[in-house]
Amino acid sequence: MGLGVRAAPFTYVAHALAVAAATMVLVWCIHFRGGLAFEATNKNLIFNVHPVLMLIGYIILGSEAIMVYKVLPTWKHDTTKLIHLILHAIALVFGAVGIYCAFKFHNESGIANLYSLHSWLGIGTICLYGIQWIFGFVAFFFPRASPSVRKGVLPWHILFGLFVYILALATAELGFLEKLTFLQSSGLDKYGAEAFLVNFTALIVVLFGASVVVAAVSPARVEEPHEYAPIPES
């Protein structure tokens, strides 16, 4: 399935938005929220690691893994496949550490865990992400299924991957909303600089995710690599 447009312009837009989103979340957590720390008497610094790792390490790196076939269309397929696999693995590790930091913050601050939709979706999404990675490793890398099996499961692998990716984006949006709501209920100015920064960061993430999805389902060139197409056509 193609959209009649090439992927390249959307990968450029996605990369620009990724830089913007990463910069904005760092400004938020370091300038407005006081910095980052794995160990601190100020427990909020521990929490600050969570949005940074989840956005930059989990969503942005995961997005790069999704777009690698479009960003490097002339590279050997086995090379881009390995990059795809490694980037997803790194994103998964960063996501796990980011979730650990949220639990650590809650536990050390006496806050209950897993009570919100954001937390439920977060755990569910990273579990699905892990399952998707394991399936992709076994089917396409090692021990690697037969060509006919790979051809049959590839569309499902792509569709499920995009589903998990969109779910991760939705979870991030809920996270921004939840944290900003908590801050505003504690006295943060609803129309202040920090509130606007968080809201605009969330909007940038939506646009970024949309660019990644469009790039993923658009052809990189006239002829896609033999074994990989965004959504293989019948």
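The backbone N, Cα and C atoms fix where each Cβ goes, glycine too.
Record features, source Swiss-Prot:
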type	residues	note
TOPO_DOM	1-9	topological domain 'Cytoplasmic'
TRANSMEM	10-30	transmembrane segment
DOMAIN	13-217	domain 'Cytochrome b561'
TOPO_DOM	31-48	topological domain 'Extracellular'
TRANSMEM	49-69	transmembrane segment
BINDING	His50, His118	heme b 1 binding site
BINDING	Ala65, Ile66, Met67, Val68, Tyr69, Lys70, Val71, Leu72, Pro73	L-ascorbate binding site
TOPO_DOM	70-82	topological domain 'Cytoplasmic'
TRANSMEM	83-103	transmembrane segment
BINDING	His84, His157	heme b 2 binding site
TOPO_DOM	104-121	topological domain 'Extracellular'
BINDING	Leu114, Tyr115, Ser116, Leu117, His118, Ser119, Trp120, Leu121, Gly122, Ile123	monodehydro-L-ascorbate radical binding site
TRANSMEM	122-142	transmembrane segment
TOPO_DOM	143-151	topological domain 'Cytoplasmic'
TRANSMEM	152-172	transmembrane segment
TOPO_DOM	173-194	topological domain 'Extracellular'
TRANSMEM	195-215	transmembrane segment
TOPO_DOM	216-234	topological domain 'Cytoplasmic'
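On the structure: features taken from Swiss-Prot.
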residue: His50; record: heme b 1 binding site; DSSP (3 states): helix
residue: Ala65; record: L-ascorbate binding site; DSSP (3 states): helix
residue: Val71; record: L-ascorbate binding site; DSSP (3 states): helix
residue: Leu114; record: monodehydro-L-ascorbate radical binding site; DSSP (3 states): coil
residue: Trp120; record: monodehydro-L-ascorbate radical binding site; DSSP (3 states): helix
residue: His157; record: heme b 2 binding site; DSSP (3 states): helix
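Separating the Cα atoms of Val71 (L-ascorbate binding site) and Ser116 (monodehydro-L-ascorbate radical binding site) is a whole-number distance of 37 Å. Here the Cβ of Trp120 (monodehydro-L-ascorbate radical binding site) has 13 other Cβ atoms within 10 Å, regardless of which shown protein chain they belong to. Tertiary proximity for the transmembrane segment (195-215) is limited to same-chain residues at least six positions away from its ends with a CB under 8 Å from its CB atoms, namely 3, 5, 7, 10-11, 13-14, 17-18, 20-21, 24-25, 27-28, 32, 55, 59-60, 63, 66-67, 70, 162, 165-166, 169, 172-173, 176-177, 179-180, 183-184, 188-189.
Cα of His118 (heme b 1 binding site) to Cα of His157 (heme b 2 binding site): a span of 25 Å. Checked against Ser116 (monodehydro-L-ascorbate radical binding site) by C-alpha proximity, the binding-site residues His50, Ala65, His84 yield His50 as the nearest. Within 8 A of the CB centroid of the L-ascorbate site residues Ala65, Ile66, Met67, Val68, Tyr69, Lys70, Val71, Leu72, Pro73, the other residues of that chain are Thr11, Glu64, Thr80, His84, Ala215, Ala220. On a Cα basis, His50 (heme b 1 binding site) lies 12 Å away from Gly122 (monodehydro-L-ascorbate radical binding site).
Proximity of His157 (heme b 2 binding site) to non-local residues of its own chain (separation of 6 or more, Cβ distance below 8 Å) is seen for Gln132, Phe135, Gly136, Ala139, Phe140, given in sequence order. Put simply, of the binding-site residues His50, His84, Leu114, the one whose Cα is nearest the Cα of Met67 (L-ascorbate binding site) is His84. Between the CA atoms of Trp120 (monodehydro-L-ascorbate radical binding site) and Pro73 (L-ascorbate binding site) there is a gap of 37 Å. Its Cβ taken as reference, His50 (heme b 1 binding site) is surrounded by 23 other Cβ atoms within 10 Å in the chains shown. Among the binding-site residues listed (His50, Ala65, Tyr69, His84), His50 has its Cα nearest to the Cα of Leu114 (monodehydro-L-ascorbate radical binding site). With respect to His50 (heme b 1 binding site), the closest of these binding-site residues in Cα terms is Ala65, chosen from Ala65, Tyr69, His84.
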